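These come from Swiss-Prot:
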- 1-126: domain 'C2' (DOMAIN)
- Asp187, His372, His406, Glu722: Ca(2+) binding site (BINDING)
- 327-366: domain 'PLD phosphodiesterase 1' (DOMAIN)
- His332: active site (ACT_SITE)
- His332, Gln522, His661: 1,2-diacyl-sn-glycero-3-phosphate binding site (BINDING)
- Lys334: active site (ACT_SITE)
- Asp339: active site (ACT_SITE)
- 656-683: domain 'PLD phosphodiesterase 2' (DOMAIN)
- His661: active site (ACT_SITE)
- Lys663: active site (ACT_SITE)
- Asp668: active site (ACT_SITE)
Amino acid sequence: MAQHLLHGTLHATIYEVDALHGGGVRQGFLGKILANVEETIGVGKGETQLYATIDLQKARVGRTRKIKNEPKNPKWYESFHIYCAHLASDIIFTVKDDNPIGATLIGRAYIPVDQVINGEEVDQWVEILDNDRNPIQGGSKIHVKLQYFHVEEDRNWNMGIKSAKFPGVPYTFFSQRQGCKVSLYQDAHIPDNFVPRIPLAGGKNYEPQRCWEDIFDAISNAKHLIYITGWSVYAEIALVRDSRRPKPGGDVTIGELLKKKASEGVRVLLLVWDDRTSVDVLKKDGLMATHDEETENFFRGSDVHCILCPRNPDDGGSIVQSLQISTMFTHHQKIVVVDSEMPSRGGSEMRRIVSFVGGIDLCDGRYDTPFHSLFRTLDTVHHDDFHQPNFTGAAITKGGPREPWHDIHSRLEGPIAWDVMYNFEQRWSKQGGKDILVKLRDLSDIIITPSPVMFQEDHDVWNVQLFRSIDGGAAAGFPESPEAAAEAGLVSGKDNIIDRSIQDAYIHAIRRAKDFIYVENQYFLGSSFAWAADGITPEDINALHLIPKELSLKIVSKIEKGEKFRVYVVVPMWPEGLPESGSVQAILDWQRRTMEMMYKDVIQALRAQGLEEDPRNYLTFFCLGNREVKKDGEYEPAEKPDPDTDYMRAQEARRFMIYVHTKMMIVDDEYIIIGSANINQRSMDGARDSEIAMGGYQPHHLSHRQPARGQIHGFRMSLWYEHLGMLDETFLDPSSLECIEKVNRISDKYWDFYSSESLEHDLPGHLLRYPIGVASEGDITELPGFEFFPDTKARILGTKSDYLPPILTT
């Protein structure tokens, strides 16, 4: 049957199944083994646990809760609001019986996409069929209702944010908040000599903010509470390191600062991810070197409450799923919540809540500036914070290059800050143990209730919304029933309740976009349902989030209308780690497949319009790198790296990637998302890694009638100044052909400088073309002469792993 593109929203309801007879049949040898295992360990006998799923072709897009002990007539009555961007011939409803090891297939019902594509409501009983498409015993049927809304029926499609009345992303746990203030941070620190002149509306110039200085001040000035969550928190790092900007008390480590505040009576609570691999004797640092046990030991016996927090599964999953979640997934939110003085109320005792959200963990290797030096800070700010996990045996005693760190963070003030605190309270209540959260009700005469910090008339005011990827295994207070969950903007699964609003926020922002999108992210992979079956079975990958496909479909829709639209994506050269290792190569392989899927969409759309244009004028990928000539008086290491290693080659060539750890998207210079979530399935799933993000805009700086010139525009221009080493008039309009051609041209030139044999000057900027080619049909190819990243034997296009399960690397 012909496949149709379903791009929009599918409203689906699964009511009930009538007249089921007997269980389903397990297939083949494995089925017999599972039956024997169940009999031996005494599980899976007796009760039925029936649930239903919705698939668009082979992509799972919804699932009901389990109904226990209703073997004949299970009634779910569950409704789903499904974002779709899938080619499909059928919408498939599958009924299964769950058990601790896996699930038994009862049967499947099919509704052809032809029936829903025109938008009419379909409400019918559909026959349930077996694997051979014959009716199952007893002729059972499932009652479902479907209605499809094409993306162009959405009144926000292609419109951007039309006015200050824009209500935010619908169907989410947290509503959009008005009257907020946001500070945007590029990198952990900005030195005084980073001063791009970027004009904003109202005759102002953009002023960069300093993240770790502000966090230091916020912690230092807290009087009642300091709440911190992190993937990693390392007690031994210093937040203040710029000798030209000293602060009173700034020479302490964050661990000592938190102990001091706790001893003064401030409630200091830390939730740090418990890396389950870190107990393994063979992995003294854990796979990811998070220092979780060192941090716990540092605070033991002090007034600081530090909880190591495993990523526990929500209750009720199969044994296999539970093992996957607790050993493979992480707590990834990076937040700081403090009480703070009231702005401009001299002498007032009243306090408010201020929160920080973004990509920067308070740990080693994160302190950096937009200059991202490889060698020149090794005797100063990075001497005791030398981070280089991409080479075996790298150490300060052997010298650079260190791994520079590019990241983005935000400070939130106003009602939105309380939402971040509520997220912490939900997580602490679930996994923190003792009930020692500060009872704000008892402090109501000191800490104000959530209230605006700015009037809506103020030209600097923000509207902000909080988004998460999290489930009931990590947050308390989620409703039990699917109806209540849907009401609260949550998604109900087979055995868990999920907040997946970060993915929703990205989808919404992409669909609204008018002119351009600028993405910086540590990972870029997904929409595996649309990947080519080149050596893989796409439905086995399960990296099902929509973001890459939504981006390519947005470009396609603009090409079809003859309108301009550009997408710029910055990723790291490779994911942190040994670049030739199996996991890094597997992720690069998924990234290549994602890029290829997108470029094929773009090229097909151009061909359909009779255009033979360079697809990089619509969609373009970059990475960041630095290269420095040797200067007199530079740090001289006592030892050398081993000969003929990546480390030695990089040291001799004086170059290395700048690690892009950011998780940010800017749309039309008017809307920004900043958080902890990567563009991969782990971060976007909701039931894998736990994440948090903000999405916001300034209602007085929309790109409705003229280009937006508020803080978001200033922030993007400041980032481009950091990456390109220059400002240019063409950068003011990223949607123009002149702009994308110029940025591509500069990044091509910088890649040539970066990868050349000899080096006469420092690299003039950091933005490098991502070193791939795009063939005439959209296939991703090697750039001539670049099978491997410079100084390595690691393939740029990646290598499919035959032993690592996709759930680990997607």
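Any Cβ shown, glycine's included, is placed from N, Cα and C.
Source: prediction; values computed, not measured.
A map of Swiss-Prot features onto the structure.
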{"residue": "Asp187", "record": "Ca(2+) binding site", "Cβ within 10 Å": "28"}
{"residue": "His332", "record": "active site", "Cβ within 10 Å": "27"}
{"residue": "Lys334", "record": "active site", "Cβ within 10 Å": "27"}
{"residue": "Asp339", "record": "active site", "Cβ within 10 Å": "26"}
{"residue": "His372", "record": "Ca(2+) binding site", "Cβ within 10 Å": "24"}
{"residue": "His406", "record": "Ca(2+) binding site", "Cβ within 10 Å": "27"}
{"residue": "Gln522", "record": "1,2-diacyl-sn-glycero-3-phosphate binding site", "Cβ within 10 Å": "21"}
{"residue": "His661", "record": "1,2-diacyl-sn-glycero-3-phosphate binding site", "Cβ within 10 Å": "23"}
{"residue": "Lys663", "record": "active site", "Cβ within 10 Å": "28"}
{"residue": "Glu722", "record": "Ca(2+) binding site", "Cβ within 10 Å": "24"}
Given Lys663 (active site) and Gln522 (1,2-diacyl-sn-glycero-3-phosphate binding site), what distance in Å do their CA atoms have, once rounded to a whole number?
7
For 1,2-diacyl-sn-glycero-3-phosphate: widest Cα to Cα gap among His332, Gln522, His661 in Å:
13
Work through the recorded positions one by one (His332, Asp339, Gln522, His661, Asp668) and name whichever has its CA nearest to the CA of His372 (Ca(2+) binding site).
His661
With His661 (1,2-diacyl-sn-glycero-3-phosphate binding site) as the reference Cα, tell me which of the recorded positions Asp187, His406, Asp668 is the closest one.
His406
Let me know how many other Cβ atoms fall within 10 Å of the Cβ of Asp668 (active site).
25
Compute the mean position of the Cβ atoms of Asp187, His372, His406, Glu722, which form the recorded Ca(2+) site, and then list in sequence order the other residues of that chain whose Cβ is within 8 Å of it.
Gln186, Asp368, Thr369, Pro370, Phe371, Pro404, Trp405, Asp407, Leu624, Ile658, His723, His766
Integer Å value for the Cα distance linking Glu722 (Ca(2+) binding site) with His332 (active site) is 26
Could you round the CA separation between His332 (active site) and His406 (Ca(2+) binding site) to a whole angstrom and send it over?
17
Students should find that the Cα atoms of Asp339 (active site) and Asp187 (Ca(2+) binding site) sit apart, in Å rounded to an integer, by 24
Of the recorded positions Lys334, Gln522, Asp668, which one has its Cα closest to the Cα of His406 (Ca(2+) binding site)?
Gln522
Expressed in Å to no decimal places, the gap between the Cα atoms of Gln522 (1,2-diacyl-sn-glycero-3-phosphate binding site) and Lys334 (active site) is 15
Could you measure between Asp668 (active site) and Lys334 (active site) for me? Cα positions, answer in whole angstrom.
26
Rounded to a whole number, how many Å is the Cα of Lys334 (active site) away from the Cα of Asp187 (Ca(2+) binding site)?
14
Could you find out if DSSP has Glu722 (Ca(2+) binding site) as helix, strand or coil?
helix
Report the DSSP secondary-structure composition of the domain 'PLD phosphodiesterase 1' (327-366) as helix, strand and coil residue counts.
2 helix, 17 strand, 21 coil
What does the DSSP secondary structure composition of the domain 'PLD phosphodiesterase 2' (656-683) look like, as residue counts for helix, strand and coil?
3 helix, 15 strand, 10 coil
